[in-house]
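So the structure is just underneath, and the comments pick up after that.
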């Protein structure tokens, strides 16, 4: 067959408009300047709510896609500025208020702290003894471990980084202003996906990974090799001088001297010649493939992670040369999508290119779904393959990082549902999507949703039924009739099979590796300083049961979000939903039973199920790790676990979860008064209050409050102190938004205080 050369694309040019929008502080100083109605100023208290709701809804400011794109682009720089300021604050605390040097000297006994409370009226009780003579609040962000892995050896270096982050923040703020007011990209620049993919893949991910690999190789590895030797009690000698403490370690730039660094890694003597002559094995002492964990630190081998980032860099730099721009070579995304047809999928992906280059909601939705999923995968990798030194034995940090990444993932995935529904309402054009995949999914949405609903009902009744059965049998004193590892077994055979494959496979796939990918699949206990860093996680009946609760709650969350997206424009009940918009409380007066059908309401309801779902995930993790993994290694080699292995028997019943997990482990937060964790006791109480406060918004109607307000306004009129701005009750949607925000805030802070008071006390 002959292959005709691909059509040359139109030449790509980075085109900008000069000075498109004047810089006017006078205009910005006027609240609501972006909306004609809001700019008139407040008539009623609803104004302030609408101001917040619409400030960042760029679609409502203008219908010009180019201007919307520029606003989003500019806002990204603003977001980056905020992130740099936040990071600067974290590094500044590490530099100014922390025991980083003390922790570095003795990471197995000293706990990380980067905040010291000032004594005003007794709060200094919060400054607990974290070891090494330092008193402060124990932090659980994992920053100390990250800093050690990066090669920081003193607080001054953290200071410099904090200042550098502020400089970067200033640069980002300037860039955000410059690319909106001085040189704003044209729409075609935002829509040029091939160039965008090439630059993001090769530049951001490829060169980003390469520069990090370079930092790891030239700074992190020598510093960490010296620190590990000190911690192992066998300090190394450099240029005839024993490196006995972190203070003796040469500064990063000194390792540019090949004669110095090659005393630690002889491979550096090979120089770049070995690279160009393909004699890559010369670098095998600092680019390794060991597998498993470093026995001194309980973290991944940093020589493995340097190798990993170098490999990732190569992959992404190659990937960044795949898409066709000015050189008539490579892929065209439009061609790929339009060629993507199956035997049963009609026009396939035709039309999706146009959607993803004109609807940023559609684009954002996909990105949120992927990023949310990645965040949840990261949560699991944090304990399966702990990446930083001494992270795995810092149990409060392990629990915090897992919980954090799980919740972030949940919020992002709900956000994916939200923006998919907004896309359907605001940007979807049925005439341009005839018989493509999106159209076909929408046409058989009833089949999809009814089947998904059936799955949810099946999972819910069966998984819950197993627990109810066990509670009943235990209450009747018939343990032999329970589902358990010692009676009627429900072993997770597929999960055990996967664990076994992963434990055995590296023997064949990586014969030179020292250990398998992760100890959680099977292998030996890795202990650091007498504490378990990693151990095989044995799964049994209790895990099988709670796993099916996970399956149930995740499927219900997916059902709510997917129903919201697929029925965002129309349904049998409300055929003209597309005209009502993304958020509306009900289909007007005179149509009862049409409330909570808008796209927004599905996001609202999905948030509750997301929270419900992920609470059980983090409870499962917290209890399982305390019961079966975390603990102290006794002199005879056995492990005394924090919760003494009670998960397998107690987690079989609902009563067990309530009594042996929630109630038993809440004793630390409930009895924290008068101790350095007493703040968690107050947060625990306060967060319960915030959570209960949310119910006032969720369980009452707007009319009740409007009636009350009018009576209060009457009293003010009597006293001639009536306000100029007329008070109004929250709209139905606003009430629900305030309700769900407090519900989630209260729930998350309750869990946070419960987890940390417990694990700081026992971990």
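Each residue's number is its place along the chain shown, starting with 1.
From the backbone N, Cα and C atoms, a Cβ is placed for every residue, glycine too.
For residue 688 (chlorophyll a' binding site), the same-chain residues that are 6 or more apart in sequence and have a Cβ closer than 8 Å to its Cβ are 746, 750. Annotated chlorophyll a' binding site per Swiss-Prot: 688, in sequence order.
In the three-state DSSP scheme, residue 704 (chlorophyll a binding site) falls into the helix class. Sequence annotations record features per position, and here Swiss-Prot assigns chlorophyll a binding site to 696, 704.
Look at Swiss-Prot and you will find 705 tagged as phylloquinone binding site.
Per Swiss-Prot, the feature transmembrane segment maps to 72-95 (among others); the stated evidence is sequence analysis.
Positions annotated as transmembrane segment by Swiss-Prot, on the basis of sequence analysis: 158-181 (among others).
For the transmembrane segment (197-221), same-chain residues at least 6 beyond its ends with a Cβ under 8 Å from one of its own Cβ atoms are 149-151, 252, 255-256, 261, 264-265, 286-287, 302-303, 305-306, 309-310, 312-317, 319-323, 325, 333. Annotated transmembrane segment per Swiss-Prot: 197-221 (among others), in sequence order.
For the transmembrane segment (305-323), the residues of the chain that approach it from at least six positions outside its boundaries are 193-195, 197-203, 205-210, 212-213, 216-217, 220-221, 286-289, 330-333, 387, judged by C-beta separation under 8 angstroms. Feature annotation from Swiss-Prot assigns transmembrane segment to 305-323 (among others).
Look at Swiss-Prot and you will find 360-383 (among others) tagged as transmembrane segment.
The transmembrane segment annotation in Swiss-Prot covers 399-425 (among others) and is backed by sequence analysis.
Tertiary neighbourhood of the transmembrane segment (447-469): same-chain residues 441, 482-483, 490, 545, 548-549, 551-552, 555-556, 558-559, 562-563, 566-567, 652-654, selected by CB-CB distance under 8 Å and a gap of 6+ residues from either end. Annotation source Swiss-Prot lists transmembrane segment at 447-469 (among others).
Residues of the same chain lying 6 or more positions beyond the ends of the transmembrane segment (544-562) and with a Cβ under 8 Å from any Cβ of it are 413-414, 416-417, 420, 448-449, 452-453, 455-456, 459-460, 462-464, 466-467, 483, 490-492, 495, 602-603, 605-606, 609-610, 612-613, 616-617, 620, 651-652. Taken from Swiss-Prot, the feature transmembrane segment covers 544-562 (among others).
Sequence-distant contacts of the transmembrane segment (602-623) (same chain, six or more residues past either end, CB-CB distance under 8 Å): 383, 399, 402-403, 406-407, 410-411, 413-414, 417-418, 421, 543, 546, 549-550, 553-554, 556-557, 560-561, 563-565, 568, 596, 643, 647, 651, 657, 661-662, 665, 736-737, 740, 743-744, 747-748, 751, 755, 759. The feature transmembrane segment is assigned by Swiss-Prot to 602-623 (among others), with sequence analysis given as support.
Positions annotated as transmembrane segment by Swiss-Prot: 677-699 (among others). Counting only same-chain residues 6+ beyond the ends of the transmembrane segment (677-699), those with a CB under 8 A from a CB of the stretch are 125-126, 128, 668-671, 730, 735-736, 738-743, 745-750, 752-754, 756-757, 760-761.
Beyond its flanks by at least six residues, the transmembrane segment (737-757) meets 140, 396, 399-400, 403, 407, 604, 607-608, 611, 615, 618, 622, 665-666, 668-669, 672, 677, 680-681, 683-684, 686-698, 730 of its own chain at Cβ-Cβ distances under 8 Å. Residues or ranges marked as transmembrane segment by Swiss-Prot: 737-757 (among others).
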Between residue 696 (chlorophyll a binding site) and residue 705 (phylloquinone binding site): CA-CA distance (Å): 11
Close approaches to the transmembrane segment (399-425) from elsewhere in its chain (Cβ under 8 angstroms; 6 or more beyond its ends): 140-142, 355, 359, 361-362, 364-366, 368-369, 371-376, 378-380, 382-383, 557, 560-562, 564-565, 568-569, 577-578, 581-582, 599-600, 602-603, 606-607, 610-611, 613-614, 617-618, 621-622, 625, 748, 751-752, 755-756, 759, 763
Fewest other Cβ within 10 angstroms of its own Cβ, chosen from the binding-site residues 704, 705: 704
Outside the transmembrane segment (72-95), six or more residues from its ends: residues with CB under 8 Å to it: 56, 58, 114-115, 141, 143-144, 147, 155-156, 158-159, 161-163, 165-166, 168-170, 172-173, 175-177, 179-180, 185, 190, 360
